[in-house]
C-alpha cells in the first residue's frame, strides 16, 4: 500500500531497532514534559489530516471496481469504452503518477508551505481531480483528472503523518499515527463497498469517483480551521525565516488550541523544550541532497528504500488495483459478485494491520518480515498456477489473494515504513522519508501500469510467477540486512 506510503510515528509501537549512528539523539517533540491535553481537542487535529489517507485508500478500492464498469459496453455509459490494456493501465496508475509528481513537489516546497497549507492544497487537488474524472467527456480528460487526484495523494501522504506527529500529545501520538493507517484501509473498504453497489449502474464509475468529493471538501475546510504545526513555526524561527519572538508567540497560541484549556500555563515551557531539541539536532542547518548518499545515511537509504521498493515490485499494487478483475476471471462472473468479494480483501487488510501493530512488540520486525515474505511467495505461485494449470478450481485464486494480502500486511505493509522511520539519522529523516515516498509511488505506478499490458502479453500466470521470483530476492537483499530486533 498504500498506500501503505508514510508511517513515521509507528516507531513508538514496537521495539526500536535503532537508527543508524544516532542512538543518543532525543526524539523531536519528546516526552521530557508530561503533556496535559483535552481528548476532545485532540480528535480534530487527527481526523482532518487522516481524511487524506482515507481518500487515498478510497481511490485504490474504487478504481478496482471502476475498471470493470468503464470497460462494459452496456454499463459504461460512454462511446469510448473499448479501451486497450495500456489505456486501462493508465487510468489505474494515473493517480499514482500524479502522486509521484506530488511527492517531488513536496520534497521542494513542503517546508515553505508548512504541513497545514500542504494539506489544504492536497484537499483542493483531491476535489479537482475527483470532479474532473467524474465528469470527463473523453479518455484524455479522465487521465488528467486521475493525475490531479494523484497530486493530492502525494502531498497528503507526505504531510498528514508529519502534521499528526507534530501536533498530537506525546502520550497518544503512536496510537493516532497507527490509526491513520487504519483510515487508509477503511478508505479501501469504502471504495470496494461503494464500487460493489454502483458497478451495475449505468455510468457507475462516474459516481464512484465523484463520491469522494464531500470528504475532500470536509478535509479542506477542516485543515483551514486547524492551526499550523507549532514545530513547523519554530523550525522557521530557528532557521531565520521569520521573527523569532512573533513565531514563538504564534506557536504558543497554536499549541493552546491543539491541547485545549487543560494545557494551562505549560504551553510556553513546551515550546521552549521544542526549540531546545531543534537546536540540539542541528535543525537550523539546511539538509543537502548529497548528505543523503554518504556514510551511515547511505546504509540507511539502502535498507529503507530497498524495503519500500520491494513493497511494490512483489506485486502488491496489482493485487489491490486489479482485485475485482482477478476475482471476475477466477469464476465470479457477475461484476457485482467480483466487487463484493473484493471487500473481503479490504476487511482482511484492516484486521491484519491491527494484528501487525499488536504483535510487532513481541515478535520484532525481522521475524514478521521473514514469515510474511515466505507466505507471499507461496500465494504468488498459487495464483500463477491457477491461471496456468488449475483454472477449474477458482477457489485457489481467492485463497491465494487472501493469503497474499494477509502476509503483506504482516510484513512489508506496516514494517517497511516503520523501519524507514527508525534507520535515518534524525536531522535527515524528513528528506529520507521524502525520497522513500518518491521511490514508493514511482515503483507503485510502474508496476500498476505494467500489469495490464504484461497480463495481455505474457498471461496472468507468468506475471504472478515473476512476482513470486522477485519476492525471495527481496528476502535475501533486504530482509537479511536487518539485525534481529
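Sequential numbering from 1, following the chain as shown.
A Cβ is built for glycine as well, from the same backbone N, Cα and C atoms used for every other residue.
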- TrEMBL annotation (transmembrane segment) - matching range among 277-296, 457-476: 457-476
- Query: Which one of these stretches, 177-195, 234-252, shows up in TrEMBL as transmembrane segment?
  - Reply: 177-195
- Note on the structure: Listed stretches 177-195, 207-226, 432-451, 457-476 vs the transmembrane segment (368-389), most Cβ pairs under 8 Å: range 457-476
- Counting only CB pairs under 8 A, let me know which of 37-58, 78-107, 119-141 has the most with the transmembrane segment (147-165). 78-107
- Task: Take every residue in the domain 'Major facilitator superfamily (MFS) profile' (45-485), average their pLDDT values, and give the whole-number result.
- Result: 81
- Message: Please tell me whether the transmembrane segment (457-476) and the transmembrane segment (300-323) touch - that is, whether there are at least 3 C-beta pairs under 8 Å between them, with each pair 6 or more apart in sequence.
- Response: yes
- Interface check, the transmembrane segment (177-195) with the transmembrane segment (37-58), three or more C-beta pairs under 8 A: yes
